C-alpha cells in the first residue's frame, strides 16, 4: 500500500468517467470537423489529441492544487534506475526484431525490406506526436497514474494491477457505447479487442512498476501503436510502412508480431523482471 491514505472510491469513478467522457468529446469533435470542414484527417486527429490532452491537463492541474505530492505519487518524474529504464525500452524493440525475423524464417512474410523514405519517417513522426496527445499521455495519466494511485492506497500490487486493467477496458467500452447510444454508431467492440486491451493494460502497468516512472508506460504505449500502424498493420491499412513485406495470410503479422511478440512477449519479460525486483527489495 502507498502513502497510508484512505482510498476514495468516488475519485476512481470520477476519473474513469472523465477519461471516457474526454475521449468521447475529442472523438466527436473530430467527427464534426471531418464532416463540416475541409481539414485533412491527419490534422483533425492531431486536433483531437490536443483537445484530449488539454482537458486532461486542466483536470490534473486541479488535482495538483489539492494534492501537491500527486506528481510523486503517480510517478510522473524520472525513473528510479536509468539502467532499468534502458532495459525496459530495449525489450519491445528486441521483441519486434525477433518477431519480424522469425516471421520471415517461418514463411509468414517474404520479400522483407526496410522502407526509410522521408515521407514514411515524417508520417511516423506526425503519428507518434498525435498518438502521444490523443492516446498515450492522457490515458496513462488517468489509468496508470491517478486511478492506480487510488487503488494502491488499499490494495496489493496484484489486486490493483487487475482492477486497473479492468477499468482500462471499461473506459474503452464506455466510449464506444456512448457513440453507439447517442449517435447510432455501430458498437464495434469484439472479443479479440477485449483480450488485447486486457493484456495490453497489464503490460503497461508492469512497465511502470519495473522502471518506477509513468513515462515508461507512455513510451511502451507509443511503441505498440506505431508498430501496429507502421509495421504489422501497414499492409492491411494500405499505408506505406517502415518495413515492406508480402504476407502469406493477410493480417497474420498483426496477431503474430503486435500481439504475440510485442504484447505477450513483453508481458512475460516484465513479469519476470518485476518479480525479480520484488525479491531484491524484500
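Keep in mind that glycine also has a Cβ here, set from the backbone N, Cα and C atoms.
What TrEMBL says about a protein is an automatic prediction, not a curated fact.
Among the features that TrEMBL reports, domain 'CAAX prenyl protease 2/Lysostaphin resistance protein A-like' is placed at 124-224.
Marked as transmembrane segment by TrEMBL: 12-34 (among others). Below 8 angstroms of C-beta separation, residues 41, 44-45, 47-49, 51-52, 55-56, 59, 134, 138-139, 142-143, 146-147, 150-151, 167, 170-171, 174-175, 178-179, 183 of the same chain, each at least six residues beyond the ends of the transmembrane segment (12-34), sit close to that stretch.
Residues 18, 22-23, 25-27, 29-30, 33, 39, 70-71, 126, 129-135, 137-138, 141-142, 146 of the same chain lie 6 or more positions beyond the ends of the transmembrane segment (46-64) yet place their CB under 8 Å from a CB of it. If you look up TrEMBL, you'll see 46-64 (among others) marked as transmembrane segment.
Taken from TrEMBL, the feature transmembrane segment applies to 85-108 (among others). Sequence-distant contacts of the transmembrane segment (85-108) (same chain, at least 6 residues past either end, Cβ-Cβ under 8 Å): 79, 207, 210-211, 213, 216, 219-220, 223-224, 227, 231, 243, 245, 247-249, 252-253, 256-257, 260-262, 265-266, 269-270, 273.
Distant neighbours of the transmembrane segment (114-134): 26, 42, 45-46, 48-50, 52-53, 218, 221-222, 225-226, 229-230, 239-244; these residues of the same chain sit at least 6 beyond its ends, with a Cβ under 8 Å from one of its Cβ atoms. The transmembrane segment feature in TrEMBL is assigned to 114-134 (among others).
According to TrEMBL, the feature transmembrane segment maps to 155-178 (among others).
Residues or ranges marked as transmembrane segment in TrEMBL: 190-207 (among others).
Summarising the annotation, TrEMBL assigns transmembrane segment to 214-232 (among others). Here the transmembrane segment (214-232) has long-range neighbours at 74-76, 78-79, 85, 88-89, 92-93, 96, 100, 120, 123-124, 127-128, 131-132, 135-137, 139-141, 144-145, 200, 203-205, 207-208, 239, 241-243, 253-254, 256-258, 262-263, 266, meaning same-chain residues at least 6 beyond its ends whose C-beta is under 8 angstroms from one of its own.
Here TrEMBL flags 252-275 (among others) as transmembrane segment. Same-chain neighbours of the transmembrane segment (252-275): 84, 87-88, 91-92, 95-96, 98-100, 103, 108-109, 196, 199-200, 202-203, 206-207, 209-210, 220, 223-224, 227-228, 231-233, 235-236, 245, counting only residues six or more beyond its ends whose CB sits under 8 Å from a CB of the stretch.
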